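Copied over from Swiss-Prot, here are the features:
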BINDING   79  anthranilate 1 binding site
BINDING   79, 82-83, 87, 89-92, 107-115, 119  5-phospho-alpha-D-ribose 1-diphosphate binding site
BINDING   91, 224  Mg(2+) 1 binding site
BINDING   165  anthranilate 2 binding site
BINDING   223, 224  Mg(2+) 2 binding site
């Protein structure tokens, strides 16, 4: 541990062996609170490399139980969170809609730290059992194409280090790791990050982890694809990374103000979700979710481009199938 800290104090990147050793110690609770705080702050000040992030994620995955084997190329749209803008839960609503369209969504998530409603909070408030056992999870997934994996159930180091991380008053490597350590190891990811500068780093980390297809995005300071501002994207495709910007025009959708996405409490988040699924949501809410579903369809090769994905999603919402689909998920999650 002394050597690892010394390297970080001198602003040196850790090699693969050092990262693996460090996170194995963290998992096994062999690192004191003072040492963990020092490591996280030193990594933050130095700047985490994509190799450090990917090796840390690999180490955490090696210690996480895999609930079942689907045999499919699963999709996740978990983001880092941490943008602090208190918007509706775009990614979770998008995952529910995408799964109702047949996409195999393995949603990894946790409770909110900086928003009114994280993925776990929203699903729980909707009535979903967020702590499904492996049998329940597999059954729900097979019948609905949707499964929610509550991060603290699979990664105890996240749960146990949470109080210390909160006391640091800054984002750490743990924020980056959350979307990379889904125990079902999805091969397709739409990953939102809280800072534009992280897009390329996280795309490289996904590539190193063996993800086949991905888009890492930061839209106007949020960890989502948005319509109120430019969305910066790094797309992992054919083992290469394409970097570009997206605007509302790329989706053939009108722009909306960020303020229209912001909510005051968890109940507003629940109502926004239900309204969108019943095709009676505010246009500003519905359209930003549609843009994110369209991106999932594009990444999954179900739509040839983003505009086609938008059209497919809008037509699907008219059927109100997403709402009945949610009721099925709720029922099966408790079965």
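The backbone N, Cα and C atoms fix where each Cβ goes, glycine too.
For residue 111 (5-phospho-alpha-D-ribose 1-diphosphate binding site), the nearest of the binding-site residues by C-alpha distance turns out to be 79; the candidates were 79, 165, 223, 224. Each of the binding-site residues 87, 91 was scored by the number of other CB atoms within 10 A of its CB, and the lowest score belongs to 87.
Most Cβ neighbours within 10 Å, among the binding-site residues 108, 111, 165: 108 holds that distinction in the structure as shown.
Comparing C-alpha positions, residue 223 (Mg(2+) 2 binding site) sits nearest to 79 among the binding-site residues 79, 108, 165. Across the structure, residue 91 (5-phospho-alpha-D-ribose 1-diphosphate binding site) and residue 165 (anthranilate 2 binding site) place their CA atoms 24 angstrom apart.
Per Cα geometry, 224 is the residue among the binding-site residues 79, 165, 224 nearest to residue 87 (5-phospho-alpha-D-ribose 1-diphosphate binding site). Close to residue 224 (Mg(2+) 1 binding site) in the fold, though at least 6 residues off in sequence, lie 79, 87, 90, 91, 192, 217, 231, 288, 292, each with a CB less than 8 Å from its CB. Its own atom aside, the Cβ of residue 79 (anthranilate 1 binding site) has 27 Cβ atoms within 10 angstroms in the protein chains shown. A Cα-Cα distance of 20 Å separates residue 108 (5-phospho-alpha-D-ribose 1-diphosphate binding site) from residue 165 (anthranilate 2 binding site).
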